[in-house]
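Visitor: Okay, so Swiss-Prot annotates it like this:
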- 1-25: region 'Required for MARCHF2-mediated degradation' (REGION)
- M1: N-acetylmethionine (MOD_RES)
- 26-46: transmembrane segment (TRANSMEM)
- 47-341: topological domain 'Lumenal' (TOPO_DOM)
- S116: phosphoserine (MOD_RES)
- N266: N-linked glycosylation site (CARBOHYD)
- 342-362: transmembrane segment (TRANSMEM)
Amino acid sequence: MEALGKLKQFDAYPKTLEDFRVKTCGGATVTIVSGLLMLLLFLSELQYYLTTEVHPELYVDKSRGDKLKINIDVLFPHMPCAYLSIDAMDVAGEQQLDVEHNLFKQRLDKDGIPVSSEAERHELGKVEVTVFDPDSLDPDRCESCYGAEAEDIKCCNTCEDVRETYRRRGWAFKNPDTIEQCRREGFSQKMQEQKNEGCQVYGFLEVNKVAGNFHFAPGKSFQQSHVHVHDLQSFGLDNINMTHYIQHLSFGEDYPGIVNPLDHTNVTAPQASMMFQYFVKVVPTVYMKVDGEVLRTNQFSVTRHEKVANGLLGDQGLPGVFVLYELSPMMVKLTEKHRSFTHFLTGVCAIIGGMFTVAGLIDSLIYHSARAIQKKIDLGKTT
């Protein structure tokens, strides 16, 4: 018993008799309010604990031979699909021929509404054409290439064949109305029909994981003396409006919390024949989910530059939208982890203890203030 008596001396929470305890309405109000606040803070702490936290780490990128997937969704409200060409090139300026892609071009009217329900698949480096029904012609025919014949191409049975032979020779395709194949297929009429239309380009590219660029530009593209050029003879430079809206542009799959800085970017061309350049720094990223799933993707930063590409009015260049990307030698690794239970427990204890302490101070202040006021009132009555 003596030992228990000595143990009681260490009690930090001495109790008073029930008869000496005073319960007030103010104390009840403070208790209810503090209880609700305590519950709210507890739920907030619980929600925070149930979410995962992401730990970033930085490594040297040692991956080799991987492909880079580029997701594209860009609208050109004043550039018809029949005029628009898309090309992908590597850092040396050579066209990437081993590019896997799945790009589509959707015609849009002047209000941005799709002209047809189905988009047409686009081949890199080619503009959109409509080929005449071959069943109505002699399958064994051999039509003229108008002086552009080559060793491997002796016959040009379609307008596209003629354009291809001209492209190979580096000749400008100036007047399609003088080409029988183009007249038959209604090449000029189609260009005229789409004159006031826009175009949406969407899909993806899979290119080699090296620095390079892809671009959207008017005209037929071809290589001339190892230089990538576009034939703009069919277009007046004053009519090339490269206003564009980038709905989405990313390099790889999305992961939780990713920010693609070019998404929903609207750029209005201040004048005709503008060249827009986006200089992109791609950072390889590995995202490891808490369930063990590994997602290999990329994030990027970007800087934009624009200039007039008309040689008569400004700097040399090609009107269009160019995305020039290079890859960082560093890799970011993002790892999802569960939050610490001890941290959650500490937070809960801090909430409970803090609320009890603050509520006790407020209750004591209210109680003693009320007693002091009551004493003054009683003193005034006696005098």
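Here the Cβ of each residue, glycine as well, is placed from N, Cα and C on the backbone.
These numbers come from a predicted model, not from an experiment.
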Visitor: Which residue, out of the recorded positions S116, N266, shows the minimum number of other Cβ atoms inside 10 Å of its Cβ in this structure?
Guide: S116
Visitor: Roughly how many Å separate the Cα of the residue listed as 'N-linked glycosylation site' from that of S116 (phosphoserine), to the nearest whole number?
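Guide: Given the Cα positions, the residue listed as 'N-linked glycosylation site' is 24 Å from S116 (phosphoserine).
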Visitor: Average pLDDT across the region 'Required for MARCHF2-mediated degradation' (1-25)?
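Guide: For the region 'Required for MARCHF2-mediated degradation' (1-25), the model's average pLDDT rounds to 67.
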Visitor: If you run the three-state DSSP split on the residue listed as 'phosphoserine', which class comes out?
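Guide: It is coil.
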Visitor: Three-state secondary structure of N266 (N-linked glycosylation site) from DSSP?
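Guide: SS state of N266 (N-linked glycosylation site) = strand.
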Visitor: List, by number or range, the same-chain residues at least 6 past the transmembrane segment (26-46) whose CB is under 8 A from its CB atoms?
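Guide: Apart from its flanks, the transmembrane segment (26-46) reaches 344, 347-348, 351-352, 355-356, 358-359, 362-363, 366-367, 370.
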